[in-house]
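Notes for the one structure printed next.
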There are 2 protein chains.
Amino acid sequence: MATEASTESSADAYDELLDKIQRISNVQNAAGVLGWDQQVMMPDEGTPARSKQLSALSAVSHDLLVDDEIGELLDELEAEELDDEQAAVVREVRRSYEREVRVPTDLVEEISELSSEALPAWKEAKAENDFSKFAPTLERLVDLKKQYAEHIDPDRDPYEVLFEDFEPCLPLDQAEEILDEVKATLVPMIEEIRESDVDLAVDSFQGTFPEEQQDELVRDALDVLGYPWERGRLDVAPHPFSTGTMFDARVTTRFDESDPLGALLSTVHEFGHATYTLGLPDEAYGTPLGQARDLSVHESQSRLWENHVGRSQAFWELFLPTFKEQFPETEDVSVQQAYEAANQVYEDNLIRVEADELTYHLHIVIRFEIERELISGDLDVADVPETWNDKYEEYLGIRPETDSEGCLQDIHWSHGSFGYFPTYSLGSVMAAQLYAAAEDDIGDLDGQIRAGDFDALHEWLTENVHRHGQRYETNELVVEATGEDFTADYFLDYVTEKYGALYDLDSA
Amino acid sequence: MATEASTESSADAYDELLDKIQRISNVQNAAGVLGWDQQVMMPDEGTPARSKQLSALSAVSHDLLVDDEIGELLDELEAEELDDEQAAVVREVRRSYEREVRVPTDLVEEISELSSEALPAWKEAKAENDFSKFAPTLERLVDLKKQYAEHIDPDRDPYEVLFEDFEPCLPLDQAEEILDEVKATLVPMIEEIRESDVDLAVDSFQGTFPEEQQDELVRDALDVLGYPWERGRLDVAPHPFSTGTMFDARVTTRFDESDPLGALLSTVHEFGHATYTLGLPDEAYGTPLGQARDLSVHESQSRLWENHVGRSQAFWELFLPTFKEQFPETEDVSVQQAYEAANQVYEDNLIRVEADELTYHLHIVIRFEIERELISGDLDVADVPETWNDKYEEYLGIRPETDSEGCLQDIHWSHGSFGYFPTYSLGSVMAAQLYAAAEDDIGDLDGQIRAGDFDALHEWLTENVHRHGQRYETNELVVEATGEDFTADYFLDYVTEKYGALYDLDSA
């Protein structure tokens, strides 16, 4: 009898917890819709009201989460026998709850207000190429974020704590090890490419490609890849992103009339994010089991589709005819030329978002190293520009001439986001491991891509990654999906083989 | 000293109240964005998540409003000396607070759930022309809404209480008197029109008018009328509506390729709603002083622009050339012909949303009379169809052959909205009074319309109606704006003169 009563009461407590966190998720998802609208639809002067709406939703969601009753339900449930799913939900809610209750509301508001001021300050500094206009704000942001980390856990490296905002369950030293391995392989490889005599067919897609046809082209690509329009839509946004839920996962893109590959591959990237969201189980909507694991796993899905599919020779065998239908002026381009154009390494590029698959990660490593030192106090804000430029010279062999194309290029710090950048590279690394495992299980993926048949790959990713939501922690998820620990090996093999062949490298 | 302390504390209490209600408004405005998105942008299968997001926001907004602290702040402030604006804010918050605290949450949820079921039941009944499929749900809705009214005030006519959901401060008997006067004039007038020999130029705009050009046409109209695109946008929705705040007031329209006037006048109607929203003072965002008074005043703004501007001869002198640019096939249509086409009385039309300016109000009167009897219990749900048809025969001289084009045509009852319909006619009546007052103050409005100069009219409406928000109650607002009590006289004079001339009526 006692057991039964206790089971009943724990079932009640679990349902009550679910109700509460579903309400919070709904409020957060509503904020997601408002954010999408702000980027994609909102008229110019809508900002004052939209900012207030978003901060109200954020305050409401905070208040709902730090509710004492959630703490009590968690205590109660943690003392019970729970099945795997319940245990995962309780673990994830506990994690968010602890982070949210430990930080004083005043500090959260202070950070949020300072970020609002930081955005225009950063924009102005970037536009005027004057780091000193952003430095004082950046200094205060660093200070506030250190305070924030200290509230969450005064005994740990604050950068580690900040990193967990984006990677709640991937140890920072593991991330660091992976980034070190990537750096150790890529720095010499890129140097070798700089010195290589090989000229790729980088001029295959030169000319003017009108926006209207590019729009049709990327819609064709989404059709080919299997984007379910009944649960999504494509729009234009200044900075492409993907957002939503498994019922409604939208993607955005942007067009540059001189660069049709940019829009195409960026759309495929956002499609990858959307497939993850769409693969989460409908019935778990609003709970951690219906939410993506973290940013590295999310980025693994976008990079898998962008790089392993969209930049593959097989994809260009499939898609080049469609490309030529939209742009008959490219009729003489061969598959090999298209493949080379999609995979050229931009040796002299200073801008992360315009980087190729290789140099990209050195852009990340530089930011990661600088962030760590900023937060540890080993680097003063005033010294960021010089450190930045030195590292570009050392790792990439190029030196920015201005801070606008140097340390002021990215928006993230103005949001107070420290610890975000590494997730981009971790995602690429994980993508390679997942793709290799999928290929092992499925067989001839290249053949399927050439045939435009993406069903098996979709199914594999849904089955092994998407449908789990936050059931497993990151490392567990990778083991579940691939049978191996999270490792940089697959990524390093992949880039060594691919770029070795493209650039005829000795090291390959 | 005592006075000073009390003033300080009342200022604090007032600020605290403002903070709380601004948060509620922000949550409700966020829901408004989600609602717009659902009608205009959301992919088909997004509904399950969207419904949950909207009901979470509605629950959050309810919980924030019934907060005891709001009750205490109201008590405290009502005991203080307040300036006019503060007093108005306290009055309006008290009103919403009382309505919200008196109704048990369970009942609110029951009504909301039943409405969700009612929608598909109504749709099915309408599609299959089978009232019996909707009747049981309608019966339960009537019952629940009566319970709802009884919780709010057990001592008053429940219909009166329900009406206040839409018209919080316009006495129902006053509304009834106005509708009676409208009916007394329109029933014989429409009969006379039915018997009139005059044939208006109803065929002026026959043919096929492609959606793309209609879209350009209505955008031209919005340009001409002065819609501020930096604070709004136009999209397509199955049922046109307008929504937003003074920073972002959007309109929607729909296109029928055989009926360009439909899209045009419906867009002008929604533009009128948007001008009201846009005329609310920026600095009062999120408070009752930055919110529209009620539905009758809102509808007065849409009807004023639709009927007094968009259906006027002066407007057609201004706009016909633009119309002809989009549709050169109409080059032979004269201003008089366009004016007649825009003002024809559809004597045999059974459908409210397709009705003209005159018969429209009898559609409303019929619904109003039936609603009153349903809620009072004098009419059984089962008898609605026959009563409906009898009234159509009596007032409009036509009898619906099916319930689909009879009592099942409108969605409102499936939402549980009883007391909504009258606001449509009250708005038209108020529009005529406001337009007459504006003309008195401004002078030659027709001349300005012909010249495409709408500045003075916009200014007059902003100054006399919009900028007040909810500072005045409805009747006070009408007196402030027009110098007279709210009356049907101007509307009746307007229709008598206009339709007397059009149809050569003896009564005119």
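Even glycines carry a Cβ here, placed using N, Cα and C.
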- Note: TrEMBL has A:HIS269, A:HIS273 binding Zn(2+), and from A:GLU230, A:GLU299, A:GLU317 that site also includes A:GLU299
- Cα of A:GLU270 (active site, proton donor/acceptor) to Cα of A:GLU299 (Zn(2+) binding site): how many Å, rounded? 9
- Residues sitting within 8 A of the centre of the A:HIS269, A:HIS273, A:GLU299 CB atoms (Zn(2+) site), not counting those, run A:SER242, A:GLU270, A:GLY272, A:HIS298, A:GLN301, A:SER302, A:ARG303, A:TRP305, A:GLU306, A:GLY427
- With every protein chain in view, how many other Cβ atoms are within 10 Å of the Cβ of A:GLU299 (Zn(2+) binding site)? 24
- Would you mind pulling the DSSP three-state label for A:HIS269 (Zn(2+) binding site)? helix
